[in-house]
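As recorded in TrEMBL:
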COILED    32-59  coiled coil
REGION    128-148  region 'Disordered'
COMPBIAS  128-138  compositional bias 'Acidic residues'
DOMAIN    149-222  domain 'C2 Aida-type'
Amino acid sequence: MSEVTRSLLQRWGASFRRGADFDSWGQLVEAIDEYQILARHLQKEAQAQHNNSEFTEEQKKTIGKIATCLELRSAALQSTQSQEEFKLEDLKKLEPILKNILTYNKEFPFDVQPVPLRKILAPGEEENLEFEEDEEEGGAGAGSPDSFPARVPGAAIFFEFKHYKPKKRFTSTKCFAFMEMDEIKPGPIVIELYKKPTDFKRKKLQLLTKKPLYLHLHQTLHKE
């Protein structure tokens, strides 16, 4: 095992444990973020060309399956259903597999398949999925969003501000906002902007900036 691969496995293991710890402590937003970060890295490795990877094709397939399981757990944490489809205790079974990926030769414990990298992100998680902290904390004046999608995950309408980072070649969510259902009425509305990642459960909200920065909307309702 090369030093690069050893370091990579150590970072994967540390990220896995952080996510599981957050999950067990009930810090769901942090757990989802960590799972998404690791899933993205594993999926990149699973789809790496053979000459650019030290892992065999079978090992890369297993890595891709672990990424899928991380995504399933992340989706379970964001689900409004009372029954979780993929539990934390299921996910913890994968830690020794990831740690010993170079020697693991048993059947994978769950019936899942690797998914394409472009589909690995759950709604609202198109973030800077790197192990390092996102460097842009410039707040309100750090550039305008390139896109402005809206989502309706249950009892609120969410707005995500996205922008493309040419140097890193991916689209990042800068911040988000949401409207409660009782706020949906004709006329103007002013709503607060919150820091990423998008928190669909609205349990740990952090304002984007201390400055008086808001999303100003004007609603027009149409009857079918």
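Residue numbering: from 1, along the chain as shown.
Cβ coordinates are placed from backbone N, Cα and C, and glycine is handled just like the others.
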Residue counts for the domain 'C2 Aida-type' (149-222) under DSSP, helix then strand then coil, are 3 helix, 38 strand, 33 coil
For the domain 'C2 Aida-type' (149-222), the averaged pLDDT of the predicted model is 80
